[in-house]
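Right, one structure below, let's go through it.
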There are 2 protein chains.
Amino acid sequence: MINIAVLGYGVVGSGVVEVIGRNHEEVMKKAGDEVRVKYILDLRDFPGDPYEDRVIHDFDTILNDPEISIVCEVMGGIGAAYQFTRQLLEAGKSVCTSNKELVAKHGAEFLELAVARHCNYMFEASVGGGIPIIRSVNTALTAEKIEAVTAILNGTTNYILTKMGSEGTEYDEALKQAQELGYAERNPEADVEGHDACRKLAILSSLITGRNVDAGEIYTEGITGITGADFEYARLEGMVIKQLAIGKMQEDGSVLAMVAPFMLSAGYPLAAVNDVFNAVLVTGNMLGDVIFYGRGAGKLPTASAVVADVIDCAKHQGRNVICIWDREAAKVAEVADTKRRFFLRAKAGARRAVEETFAGGKSVVLQDGGEAFGFFTAQMREKEFNEKCALLGDAVLSRIRLL
Amino acid sequence: MINIAVLGYGVVGSGVVEVIGRNHEEVMKKAGDEVRVKYILDLRDFPGDPYEDRVIHDFDTILNDPEISIVCEVMGGIGAAYQFTRQLLEAGKSVCTSNKELVAKHGAEFLELAVARHCNYMFEASVGGGIPIIRSVNTALTAEKIEAVTAILNGTTNYILTKMGSEGTEYDEALKQAQELGYAERNPEADVEGHDACRKLAILSSLITGRNVDAGEIYTEGITGITGADFEYARLEGMVIKQLAIGKMQEDGSVLAMVAPFMLSAGYPLAAVNDVFNAVLVTGNMLGDVIFYGRGAGKLPTASAVVADVIDCAKHQGRNVICIWDREAAKVAEVADTKRRFFLRAKAGARRAVEETFAGGKSVVLQDGGEAFGFFTAQMREKEFNEKCALLGDAVLSRIRLL
C-alpha cells in the first residue's frame, strides 16, 4: 500500500482524487502496489464529500506520518507551497506538483534537495497539462542533444488567436468569447501578456540546457496588440499568427528564450494547432522534429499528469530519478542579436519611407486596408529592425516577428 | 562505465554507435555513467571503420562477458535474433531492440523472462522510429485507462497516399516515386499490404490491453486497391484517405485491432499527417486525445530510440521496469461486428441498385467520373455492408471504410 497526501482540494486536487478513484486498477498495476489517498490538506471542510474523512487542516500530520512517502502539491502559489515542498523533500518525501510558478522559480533548488534526500520532485503537470512533455524530455529523448523547443503553451491565447484568424474577430471580442467559455479568467493578464507561457518556457528551457533559466530573463510579449488586419496580411502571404514559446540553443552555448506572437507559414506543423490545444515541437540533433499535442489544461488531464508522477515516484521509492536542472544560471541570449524577418503595419502615407528604410522587403496592400499597408522585411538583426522602426516614428502601427 | 554490445552493424546498428559517439556527453549525463560500445557482432569485417577493433563474430564472447549488462539487438529477423535475445535475458543481460517482428511475436515471452531475471527487454524503436510512443504508454500515460490508439504507423504508405491525394498520382506511379526516393523497398509488399503496420499495432495493442495481441489476428488490408478516383470522391466530401492502424477497447473487454485504408474528415487531427511522417493518437479516459508525431523511420531517429532504451536500462540495472504485456491472449473483436459508414465506388449502371440496396446513403457523381459513381452509406454493421455488396456482385469497384 502506498499512502499519499494531496495538498489543496481545489480543481486539480479533486481531479487527482478522482483519477486515483476511477482508474484505481490501472494505477495499481502501473505503480506495482495499491495507491491510497490518506490525507487531503485544505483550509476548508467538505461536508458530504465522499472523501470528507480524509480532509485535514494541519500540515504537520502529513509531514510527520511515516506512512506518507509521496505528496501532491496542487495548491498553487509560492508562499505556503514553497515551505511545504521544502519540508517534505527534507523529510525524504517525494513531491509531485502542477504548480508551474513554483517549479519555474524553485525547480533547481527542489531537485537538488530531492537528490540529497533520495526522493523525487516531479512536475509533469506544470507544462502542457496532460501532454507528457516533461517525462519525454527527461526520460525518453535522452539520447538527444535537444536543439530547440518551439511550442504553443497557452490555450487561452491560442483560442483567441484562432478566433481572430478564422472568423476575423477583433481581439477584444475574441477575449470576451474566451471569458464566456471559461477559457480566460476575468483578469486575463497572466495569459494574454504571456506570463503563463513564460513560466512554462522557463521550465522547458531549464531542462534542455540543464541549467537554470530564470523566467525574469525570458523576453515576453503578449498578444494584446494583434489586430484583425494583421491576420489579413498574414493570410495573403500564406501565414498564420501564433503565440509561440521558443527555447533555442545558440552556437555559443547560450539559450534564446522568448514568448511572443509570430507569423508562421500555414504549412508549419504548429500552424494547424488551434483553439485551446497546446503543442510542443522538440528538435533533437539525431531525431529531427517530434511533436507532442493535446489539451494543455483542464482538471482531469492535469490531474492525470500528477498521478503519473505519483506512479513514477512509487516505482522509485528511495531512489532519485535523474533530472538535470542545475542551480547554475544558463546564459540567456539577447533577443536583439537574433536574425529573422519581420512584418510591420504602417500608415499608408509612410509607404515610401518604409520601403526606403527597409530596402529589399515587400509591401502588401489589402483591398480594404484603409489608411494602412503591410510590409515584410528581408532577414535582419532585431536590433537593426528596432532602430529602423524608431526612425519611422509613429508611422509604424504594429510589428510581428516571422518564424 | 557501462559496457554494451551491438548485435548487427547494419543501418540501425551503425546508427546506435554513431549516436553514442556523437552525443557521448548527453548520454553519459542521462545514464549517470559513461556508456561504451565494447563489442559489435556481425558476420562481416569492417576494415577501415573507426570501430573496426570492436567487431567480433562470436556471440558467446558477449554472452559470457560479465562486463556486458546491456545489448542492442538491431540485427532483425526472428531466427538468430530470437535465440540471442533469449540467451541474453536468461543470463540477466538487458536487451534493447528495434526488431518489431521479433517484439510482436515474442514480446510477452521476453518480458516475462526479463522480470524473472531482474533485467529489461525494451523496444522503443520498434514502433514509430524516434517518436517516444512506447515509453509514453508505459511510463507516462500511466494514470490513464487507454481507450484507443489511432495511428499512421507506416511512412511508405503514408507517402504514397499523400502523393495520390495531393497530386492526383495513381498508385503505381506514386509507388514508383517512393521507390526512387528510397522510401519504399524494391519489393514493397511488407509496407503496402499493411504487414509492417500490423506488427507495430500488435505491439501497441498488447500494451494497451496488457495481454498478447497476435499479429495474425489483426485484420490487415493494404492500399494497393486505392485509386485516384477514390481520392476525388473523398475530397468532394471534405475527406482524405489514410492508412490507419486502430486498436480500440470494446465494451466487452475485447480489443478491435485493424490496419486498413480509411476515409476521414480533413479536419481530423491525423488528416494533416503527410509524406513519410508517422503519428499516434492516444485516447485516454482522463486525458482525452494526445498525439505524438514525427519521423517514424530513418537510421538516426531509430538509433536514438535504441540508445534511449540503453540509458533507461543503465538507470535500472538489476531492476525490472514494469511493462504490462502478459502472455495470455487478448480477446480480439470481430471487425465484421463493428459499425461505421462506408464508401463504395460502383459502375454507373448500378446506381439504382446501389441506392436501393443501401437506402439512407448518398450518391456522389464526379464531373469526369466516367462509367462509375461514388456512394456513401449510412452507419451499418460491416457484416451487413459486405452482404449487401455481395448482392451487387461485380458492380462494386472498390470499398473504403469511413472513420
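Cβ atoms are placed via backbone N, Cα and C, with glycine included.
Bear in mind that TrEMBL entries carry predicted annotations, made automatically and left uncurated.
Under DSSP, B:TYR9 (NADP(+) binding site) is assigned to coil, being neither helix nor strand in the three-state scheme. Its Cβ placed at the centre, B:TYR9 (NADP(+) binding site) has 23 other Cβ atoms within 10 Å. The NADP(+) binding site annotation in TrEMBL covers B:LEU7, B:GLY8, B:TYR9, B:GLY10, B:VAL11, B:VAL12, B:GLY13, B:SER14.
Sequence annotations record features per position, and here TrEMBL assigns domain 'Aspartate/homoserine dehydrogenase NAD-binding' to B:8-124.
Taking the Cβ of B:LYS100 (NADPH binding site) as reference, residues of its chain lying under 8 Å away and at least six apart in sequence are, in sequence order, B:PHE123, B:SER126, B:VAL127, B:ASP196, B:ARG199, B:LYS200, B:ILE203. What TrEMBL lists as NADPH binding site is B:LYS100.
Sequence annotations record features per position, and here TrEMBL assigns domain 'Homoserine dehydrogenase catalytic' to B:132-311.
Within 10 Å of the C-beta of B:GLU185 (L-homoserine binding site) there are 13 other C-beta atoms, taking all protein chains into account. Among the features that TrEMBL reports, L-homoserine binding site is placed at B:GLU185.
A sphere of 10 angstroms centred on the C-beta of B:LYS200 (active site, proton donor) encloses 25 other C-beta atoms. The active site, proton donor annotation in TrEMBL covers B:LYS200.
Apart from B:LEU7, B:GLY8, B:TYR9, B:GLY10, B:VAL11, B:VAL12, B:GLY13, B:SER14, the NADP(+) site neighbourhood in this chain, defined by C-beta within 8 angstroms of the site C-beta centre, holds B:VAL6, B:GLY15, B:VAL16, B:ASP42, B:VAL74, B:MET75. Cα to Cα, B:GLY8 (NADP(+) binding site) and B:GLU185 (L-homoserine binding site) are separated by 20 Å. Here the binding-site residues are B:GLY8, B:GLY10, B:GLY13, and the one whose Cβ sees the fewest other Cβ atoms within 10 Å is B:GLY10. Across all of the domain 'Aspartate/homoserine dehydrogenase NAD-binding' (B:8-124), the predicted model scores a mean pLDDT of 97. Reported as a whole number, the C-alpha separation between B:VAL11 (NADP(+) binding site) and B:GLU185 (L-homoserine binding site) equals 15 Å.
Rounded to the nearest whole angstrom, the C-alpha distance between B:SER14 (NADP(+) binding site) and B:GLU185 (L-homoserine binding site) is 20.
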